[in-house]
C-alpha cells in the first residue's frame, strides 16, 4: 500500500515545517515540500492531515513487558504490558528487560512476549541478562544470545550502585562490555549495556572506571534512573558533560518525588541548562516495572507499577511547563534513544526509515493516530484512513 500524508506539520524530530510524506509499505519513501505534490497514480491513497503535527513513533528503551517486581512479596508482582497500551501512548518500539526477578520472569518469557508484541504490530526487542551476575542468558552464553537472537540488543537491566545488585567489579563489567561489543558487532548490532542505577553512594563511579581503564567508550553504556535522587542526578549531569548518555525515568509516584526524585521533565531542562549535548539525553518509561519505595534499612514500604503513557507525558510537560523546545524534548524519546540503541531505521522521519509515525493535535499535542511500519495501530477518532 502506498499512502501520501499531505499538509503535515513535520517534526522529524527537527522542525521541518509543512510537508507531504509518502509511505510505501513499511517505509518512508519520500518527503515533499508543500508546493511540490507528486503526480498521483490510481493506487496511491491520499490522506490530508490538515496541519496536524507528524512526529516519529516513540522509542522506549526500558519496558518490563513481561511484568516485574515482587519486592515485598508475590502480591506486588506487576502485570504484563498489552500492545494496545503502547500503541495508545504512541510507542512503536519497545525494548524489554528483566529486573530484580530473573527466576519467575525469564528470558524465554521475554522472547515469547517480544514476538507477541511484534505480531500485534510493534517493533520489539529485549536485553540479555538481568540485575545480577552471572548473567542469565537464553542460549547458554551472552555471546550466542547476541549472535543468534535478532531481537537481543545487548545486556540489561544490569544493576549498579543498588542494594539489590550483585557485587560487580571493574573486571566483571569490562568483560561484559567487551563481549557485548564484539559479538554484537558480529551480528551487525551496536551492542549496549543498559545499566540500572540505585541509591547507593557509588553512583556512576564504576562506569567511569571502566571507561578510564579499558578501550570501551561511553557509547556502549546507557545508565538509567539518573533522576532517582538529587545526588545521583548531579553526578549524572557531570557524566553527561563527560560525554555519556543519561537516561531519565518517566514513571514516578508522588511518594518517590517526595523522597527526592527529580521529575523527568524538569531533569531535561536542568540537563540542557548544564550544557549537556541534547543528543545524549534519553527518556525511558520503565513501564510495568515495580516502583518500590524503601526505608533506610532497605525494607519495602510501598510499590506501584510504571506506566508507558508517562513517556510522551514527560515530553509534553517539559515543553509546556519547563519551556524546553518541542523538537529537543521530542528527540529524547525518538532520535536519541534510537541512536543510543543502534536502531538506525527508528526515531526519525526520513527517506528509508521505518514508517513509525504519530499524528498529534497541533494545539493540545494529544495523540490522534499511530502508525507502526506503515500500519495504523491506534486511532482515537473516526477518520477516512
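Using N, Cα and C of the backbone, Cβ positions are placed for all residues, glycine too.
Per TrEMBL, domain 'Amidohydrolase-related' is recorded for 54-376. Residues annotated as Zn(2+) 1 binding site in TrEMBL: 64, 286. If you look up TrEMBL, you'll see 69, 70, 71, 100, 131, 164, 228, 290 marked as substrate binding site. Summarising the annotation, TrEMBL assigns Zn(2+) 2 binding site to 196, 225. What TrEMBL lists as active site, proton acceptor is 286.
Counting Cβ atoms from all protein chains shown, residue 71 (substrate binding site) has 21 others lying within 10 Å of its own Cβ. There are 27 other CB atoms within 10 A of the CB of residue 69 (substrate binding site), with all protein chains counted.
Each residue in the domain 'Amidohydrolase-related' (54-376) has a pLDDT score, and their mean in this model is 96. On the backbone, the CA of residue 290 (substrate binding site) and the CA of residue 64 (Zn(2+) 1 binding site) stand 9 Å apart.
The least crowded of the binding-site residues 64, 164, 196, 225, judged by other CB atoms within 10 A of its own CB, is 164.
The record assigns 69, 70, 71, 100, 131, 164, 228, 290 to the substrate binding site, and the maximum Cα to Cα distance across that set is 20 Å. The number of other Cβ atoms within 10 Å of the Cβ belonging to residue 286 (Zn(2+) 1 binding site), over all protein chains shown, comes to 30.
On the backbone, the CA of residue 131 (substrate binding site) and the CA of residue 196 (Zn(2+) 2 binding site) stand 8 Å apart. The Cβ of residue 70 (substrate binding site) has 21 other Cβ atoms within 10 Å, all protein chains considered.
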